[in-house]
Amino acid sequence: MNKPETNQIPTAANLPIEWITIHCSATHAEQDIDAAEIRRWHLAKGWRDIGYHWVIKRDGSIEAGRPPGQIGAHVRGVNQGNLGICLIGGCNPQQQTEDNFTLAQRKALFKLINQLQTQYAVDDAHVKPHHYWANKACPVINLHARDFERHQ
C-alpha cells in the first residue's frame, strides 16, 4: 500500500458544494487591497494558498482566489463543501466593525451568490455569514438584503 503524500492539495472535485460563506477582510474603507494581498497574508501564516475562493474589491470587481475545485481554508472545521467569498472592508480605521461595503460590492456579491447557487444548487438557507460558524462579527453585512436585490 502506498503512503499518501503529505503535500497533496485537498480537492473538492468529487464533493458536493453545500454551503457558501461570506467573509470580510477586516480592513477599513481606504484599504483597497486585493486577492494577491490576502494570499500573501495567508501564505505568511503557513497556509497553502489564499483561504477564500473569491475576493470582491471595493469597486465591485471579483477576483479569483483558491480554485473552487480545491477545499478552502476559511471556516475552521467546515471547509469541505463550502465556498468562501471575502468582501474587502468591514472595519473602521480603529479596527472596530463597520458595514462600509460599497454598493458595487453588494451588487457583485449578490450576483456571485446567485450564480453559485444556480451552478451548485445551494439553497438560501445554506448561504451564511462567517459569524454563523464562529464567534466573530465577520462580515458585518445584512445578507437578507439580497432578497430585495433579486427583484430590482
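Cβ coordinates come from backbone N, Cα and C, glycine included.
Just so you know, TrEMBL annotations never went through curation; they're auto-generated.
Record features (TrEMBL):
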- 3-130: domain 'Peptidoglycan recognition protein family' (DOMAIN)
- 7-140: domain 'N-acetylmuramoyl-L-alanine amidase' (DOMAIN)
Revision key, fill the gap. Across the domain 'N-acetylmuramoyl-L-alanine amidase' (7-140), the model's average pLDDT, rounded to a whole number, is 88
**Study point:** Per-state residue totals over the domain 'Peptidoglycan recognition protein family' (3-130) - DSSP helix, strand, coil
**Key:** 32 helix, 27 strand, 69 coil
